[in-house]
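As annotated by TrEMBL, domain 'NADH:quinone oxidoreductase/Mrp antiporter transmembrane' applies to 23-288. Taken from TrEMBL, the feature transmembrane segment covers 57-76, 96-115, 152-171, 178-196, 202-219, 239-258, 278-298. The feature domain 'NADH dehydrogenase subunit 2 C-terminal' is assigned by TrEMBL to 290-342.
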Amino acid sequence: MNPYATPIVAFSLILGTTITISSNHWILAWTGLEINTLAIIPLIAKSHHPRAVEAATKYFLTQAAASALVLFSSMTNAWATGQWDITQMNHPTSCLLLTAAIAIKLGLVPFHFWFPEVLQGSPLMTALLLSTLMKFPPLTLLLLTSKSLNPALLTTMALASTALGGWMGLNQTQTRKILAFSSISHLGWIAIILVYSPKLALLTFYLYAIMTSAVFMALNKIKALNLTMILTSWTKTPVLNATLMLMLLSLAGLPPLTGFMPKWFIIQELTKQEMTPAAMAIAMLSLLSLFFYLRLAYHSTITLPPNSSNHMKQWYTSKTPSTPTAILASLSILLLPLSPMMHAIV
């Protein structure tokens, strides 16, 4: 890539995200989403590999369809109510169309099919952006319109996302696909609580973004694209591999790690809302994703590779992980003691 391209793309991503999250008018929000989509495509396709070009094409087509639906739903609402304000989404058909459009943008079930394929065709750091930053603007639109959305529809999509994200991740060996299904599963937790406690949904997203960023940066450091490469990387960065195990268990939501906090709060809030069956269902379904997190953790630290491995063992290196990786890893492991303060905020 041209050296000038990276700062332009970074500026466009920040600009698009800022426009969408700070706008009150539907056209401005749509413009921000479009800037984001066009800015990330060069990062996906920059390797010029056929798989990367295919991923960029799939991403463009799905995001274009979702943006068209966002525009159509906002125009239908403006036609019926005379309002272009994002918080005044009162027309039932418009709300339904908007929910479908944002679900496509986020990768919620049943509109999730593009997400694992696009992540698999992208470099690890681009996959990190797709899993975290690119989900923030659509999620903001859902938060702003949360009072008008259908709770039953969102709960159904959330439970389906948690089930399918866990189930389809079981048989994967590619780390990017595993993290894609992990993302779909976590989006289920965010979607189920969105209508009842938007602040808690936002806190869940923030903590998910911290944990996922830490995992992606660790995998990028050890250049691990599949389970076998994780298995043979312990000779190169033993401390980072041990930390990676803790970060993965945190993503799984095991106490006493950071990832337990949002799941604990969500189950508590759902019980308060007299949705105990939904709380039980989503807690049970998260056990599916726990399996593949445990498998990743097992490969990263707990087991040694057999001597017959086809991969050459990597030499130990004294290079330490970067400061952002260290900070994010610490946050993704050690934030549970702050639960009382977080609970007071939400």
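In case you wondered, yes, glycine gets a Cβ from its N, Cα and C as well.
Caution: TrEMBL annotation is automatic and unverified by curators.
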Given the model, what does the mean pLDDT over the domain 'NADH dehydrogenase subunit 2 C-terminal' (290-342) come out as? 77
Where else in the chain does the transmembrane segment (96-115) make close Cβ contacts, counting only residues six or more beyond its ends and a cut-off under 8 Å? 33, 58-59, 62-63, 65-67, 69-70, 72-74, 76, 89, 130, 135, 138-139, 141-142, 145, 149-150, 153-154, 157-158, 160-161, 163-165, 180, 183-184, 187-188, 191
Are there at least 3 C-beta pairs under 8 angstroms linking the transmembrane segment (202-219) and the transmembrane segment (152-171), leaving out pairs fewer than 6 apart in sequence? no
